[in-house]
Structures are given as structure tokens and as C-alpha cells.
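Novice: Can you keep this structure in mind? I'll have questions shortly.
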Amino acid sequence: MLNIGAHVSIAGSLDLAIDRAVDIGASCIQIFGSAPQQWQSVIYPLEQIGEFNRKREEARIAPVFLHAIYLINLASENHFILGSSIASLVQYLKLGKLIGAEGVIFHVGSHRGKGFKSAAGQVAEAISQILAQTEGSGKLIIENSAGAGGIIGSNFAEIGFLVKAVSSPRLAVCLDTAHAFESGYDLRTKSGLDKMLKEFDKQIGLEKLVAIHANDSKTPLGSNRDRHENIGEGYIGLKGFRLLTHDSRLASLPFIIETPPGSDKDDMETLRSLSAHW
């Protein structure tokens with residue numbers, strides 16, 4: 001049986017994320033550690049962290065992922081943005097260690113049209129710095145992008161370059177199905193899915209894949225526009241997600257829903273139904 005969960009809110013208290021996960025029947029979760037559109041310190045009372053861990057263990061929810069804030073840009077030429085991005089990811093990894101998270105999923109950022117090659121060295125060095133400033137096994141997890149605005153990671157070659165350049169067991173990858181589709185990988189047919197996963201394995205290595213963001217796409221194949229849709233209601237469709245949930249190469253990975261608000265429970269049920277029936 002697939003491990004299926006969702007991104008849940010921490011509004012009110014960190015531990016309330018577990019209550020919300022239980023309410024919708026999630027067996028794994030992703031959370032923000034702070035407001036995603038702000039530079040903020042990530043500090044929680046030890047009592048709140050303890051309650052989160054107690055509830056998580058009681059509910060048997062695993063793994064837990066943190067999602068970094070959206071302001072991160074490790075390719076920025078602005079020293080404030082670059083420094084703040086590094087500091088934020090360090091704080092998130094430290095919080096992740098306290099709550100037993102598998103790691104921090106993040107978007108690398110944009111080279112602002114200057115090209116990946118111009119930014120690749122800086123990004124790899126920043127990732128290495130972040131890992132060097134944190135202890136434990138918590139991973140930095142690069143999420144693939146839809147490809148708009150020079151955002152790094154819309155193709156697996158870019159992610160693979162960074163993985164090889166950093167060469168750390170703590171650097172991993174999350175595959176977002178909507179982003180992959182929007183950047184040109186066709187998941188709607190078995191041949192298309194096979195082609196995508198073979199390219200992923202060649203450029204990055206399937207052993208580096210630790211999570212799936214299961215999202216349908218509101219925009220067509222290769223649109224480069226990041227728009228999530230409910231499972232089966234977008235351009236990927238039920239057939240695509242049936243293929244994804246039955247692929248043995250993905251069977252051991254957590255599938256995390258990031259679809260429009262209010263649909264998490266229904267979307268998880270759809271995925272479970274698809275995975276149970278061919």
C-alpha cells in the first residue's frame with residue numbers, strides 16, 4: 001500500500017499539524033516551518049516540539065518533510081537574498097532535526113535569465129555550506145520546477161549537475177508531478193513515464209529520489225506554468241496517476257498531495273483507489 005499524505009497547516013501550534021493529518025487520514029506529511037513568504041526566525045518552544053513528536057509517534061505518521069519558504073534563491077546575485085536563503089535553510093534543517101523530519105524540500109531559485117551555467121557553481125557552493133553548518137542525517141531535498149522565469153531544476157540535467165557537484169548523501173530530490181508535466185515530461189502514457197524515469201535515473205539516480213509531490217496540472221504539457229489541480233481533474237488525468245501509483249520504481253516513496261485547499265482528503269482517496277485497482 002502506498003504511503004499517501006498531504007501538506008498540512010501548522011496554524012495555531014506546530015503539533016496541530018498532526019491533528020490535521022489524522023483528520024484527513026494522512027500517513028505522511030509536509031509542513032512549513034514559518035510563513036512561506038517572509039524571512040523569519042524559526043524558533044519553537046521545546047514544549048511544542050515535544051508535543052509534535054508525541055502526537056506524531058502516536059499517530060505513526062512518517063516521514064515528515066519541511067518545505068522551505070518561497071523566497072529562497074541560491075542563484076541570486078543579491079548578497080542579502082543569498083545570505084538569507086542560506087540562513088533560512090540552515091534554520092529549517094535544525095528544526096527538522098528536532099522534529100525528526102526526513103529533510104527540507106526546497107526550490108533552488110532563479111538565475112534570472114543568465115543561464116544555469118552562470119549560477120551552478122554558486123548554487124553548489126551554497127548547498128555545501130548549508131550541509132556543513134548542520135548536523136545529523138536530515139536531507140536538503142531539491143524539488144524540480146515547472147521552468148518559468150529562469151527557475152533552476154526544470155530539467156533533470158540541472159539537478160543532476162548539482163547532486164554530483166555537491167556529492168553528499170544528505171542531498172536528495174523530490175519529484176513534483178505537475179512541475180514535471182509542465183516542464184515537458186509526459187506522464188500520461190507508460191512510454192512517457194518510462195522515458196522520464198529513465199532520464200531521471202541517468203541524470204540524477206533514482207536512489208536520490210525520496211518523495212513524490214502528487215499534483216495534477218491546470219496547464220498543458222510543456223506550458224512552464226506552475227498551476228496545481230486536483231488529482232484527475234487536470235491535464236495529467238486519472239490515467240497518468242494510475243500509472244504513477246502502479247510503478248514499482250516509485251512504490252516505496254511517500255506521495256504528498258499539494259492540490260487546491262480543501263481537497264486533500266478526496267485527492268488522497270483518489271490516489272488510494274487508483275493504486276488499489278488497475
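Yeah, the Cβs are placed from backbone N, Cα and C, and that goes for glycine too.
Remember, TrEMBL labels are computer predictions, not curated facts.
The Zn(2+) 1 binding site annotation in TrEMBL covers His67, His107, Glu143. As annotated by TrEMBL, Zn(2+) 2 binding site applies to Glu143, Asp176, His213, Glu258. For His179, Asp226, His228, the entry in TrEMBL reads Zn(2+) 3 binding site. If you look up TrEMBL, you'll see 18-273 marked as domain 'Xylose isomerase-like TIM barrel'.
Give me the lay of the land around each of these features.
Specialist: In this view, Glu143 (Zn(2+) 1 binding site) is surrounded by 19 other Cβ atoms within 10 Å of its Cβ, with every protein chain counted.
Residue environment of His213 (Zn(2+) 2 binding site) contains 25 other Cβ atoms, counted within 10 Å of its Cβ in all protein chains. In the three-state DSSP reading, His213 (Zn(2+) 2 binding site) counts as strand.
Secondary structure at His179 (Zn(2+) 3 binding site), taken from DSSP and collapsed to helix, strand or coil, is helix.
The domain 'Xylose isomerase-like TIM barrel' (18-273) scores a mean pLDDT of 97 in the predicted structure.
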Novice: Suppose we draw a 10 Å sphere around the Cβ of His107 (Zn(2+) 1 binding site). How many other Cβ atoms does it contain, all chains included?
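Specialist: Other Cβ atoms within 10 Å of His107 (Zn(2+) 1 binding site): 23.
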Novice: Would you identify which of the binding-site residues Asp176, Asp226, Glu258 has the most other C-beta atoms lying within 10 angstroms of its C-beta?
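Specialist: The most densely surrounded of these binding-site residues is Asp176.
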Novice: Whole-number Å distance between the CA of His213 (Zn(2+) 2 binding site) and the CA of His107 (Zn(2+) 1 binding site)?
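Specialist: Cα-Cα, rounded: 13 Å.
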Novice: Among the binding-site residues His67, His107, Glu143, which ones place their C-alpha within 10 angstroms of the C-alpha of Asp176 (Zn(2+) 2 binding site)?
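Specialist: Checking each Cα against Asp176 (Zn(2+) 2 binding site), the hits are Glu143.
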Novice: Quick one: pull the CA-CA distance for His107 (Zn(2+) 1 binding site) versus Glu258 (Zn(2+) 2 binding site), whole Å only.
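Specialist: Rounded to a whole number, the Cα-Cα distance is 15 Å.
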